[in-house]
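Here is what TrEMBL says about this protein:
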{"type": "TRANSMEM", "residues": "12-37", "note": "transmembrane segment"}
{"type": "DOMAIN", "residues": "14-207", "note": "domain 'Cation efflux protein transmembrane'"}
{"type": "TRANSMEM", "residues": "43-62", "note": "transmembrane segment"}
{"type": "TRANSMEM", "residues": "83-102", "note": "transmembrane segment"}
{"type": "TRANSMEM", "residues": "117-137", "note": "transmembrane segment"}
{"type": "TRANSMEM", "residues": "158-176", "note": "transmembrane segment"}
{"type": "TRANSMEM", "residues": "182-199", "note": "transmembrane segment"}
{"type": "DOMAIN", "residues": "211-288", "note": "domain 'Cation efflux protein cytoplasmic'"}
Amino acid sequence: MDEFRSEGGKKAAKVAIIANCCLTVLNITVGIISGSYGLISEGAHTLSDVATSVIAYFGFVVGQKPADKEHPIGHGRAEAISGLVIVIFLAIVAYEIITGAFDKIFHPNLITIPDTFAAIMAVVGIFVNLKISDYIIKIGKEINSPAIVADGKHQKTDIFSSVAVLVGVVVSNMGFPILDPIVGLIIGLLIIKTAYEIAKENIDNIMGKVPSPELIKRVENIANASANTNTAHNIRIDYFGSYATVTLHIELDGNMTLDESHKIAHKVENDILENIPIIKSALVHTCPIGLDYDHQQEIDK
């Protein structure tokens, strides 16, 4: 699984980098030749895709490093951190595009009517970005990589912006050239929306947001089946990038020996690790059946 994850993540990042380099050159070149500010804006957006794909790649590689003395749980959160760096790049690109669009809106003499080459390039951009973004997001979800998924979602915004460019070119040639910089403005706002979504997802990852109820229930079911009980509780899952750690409590017969309860706890831990690949560390606390203990008291102090 780890080898599949490593190769999949690296391949997705490399495909994104190569494709975006080609699109950047084409978008900016055709944008300048055709006089389309919307297409030039899209070229700047695609250039940011190159930078963010590189960031996602390095975040993924660092996140794959094994645990060491200074990072006993591993380096998985490097992926979430790289996702936040991507947000910074998106914010900068959005600012530049939006300010440039407003400049043209308030100074119409700067606007040129784009020709049909811009429309053709927009169609090419829609097709290429659709294929690339779907591929990257698919791989990112398969290997549970926040960095790769974030890069794919960033790439996805290029589809909408390419559609906006296409509409802008067509309408501009129908006698409404002001729509070209308005398209640039829309692209900038789409980038801001994507930046917000990526930021929220990765901040939740770092801050330890409660995982899905399905995952908690799966851990509970495995623990109960493994220990032949139905007392698994106080399950806490903490994400570290693409993987997670879990702690939980199970109630056992208070007359058991320490050795017996220890063996059951280890069996539960091993069963969880074997059946849920994203969980890399499990810790089971055993307590006598019926013990009245406030599990929140240590947190509330």
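The backbone N, Cα and C atoms fix where each Cβ goes, glycine too.
All annotation found in TrEMBL is predicted automatically rather than curated by experts.
Tertiary neighbourhood of the transmembrane segment (182-199): same-chain residues 37-38, 41-42, 45, 83-84, 86-87, 90-91, 93-95, 97-98, 100-102, 104-105, 150, 153-154, 156-157, 160-161, 164-165, 167-168, selected by CB-CB distance under 8 Å and a gap of 6+ residues from either end. Across the domain 'Cation efflux protein cytoplasmic' (211-288), mean pLDDT in this model comes to 86. Secondary structure by DSSP for the domain 'Cation efflux protein cytoplasmic' (211-288): 33 helix, 28 strand, 17 coil.
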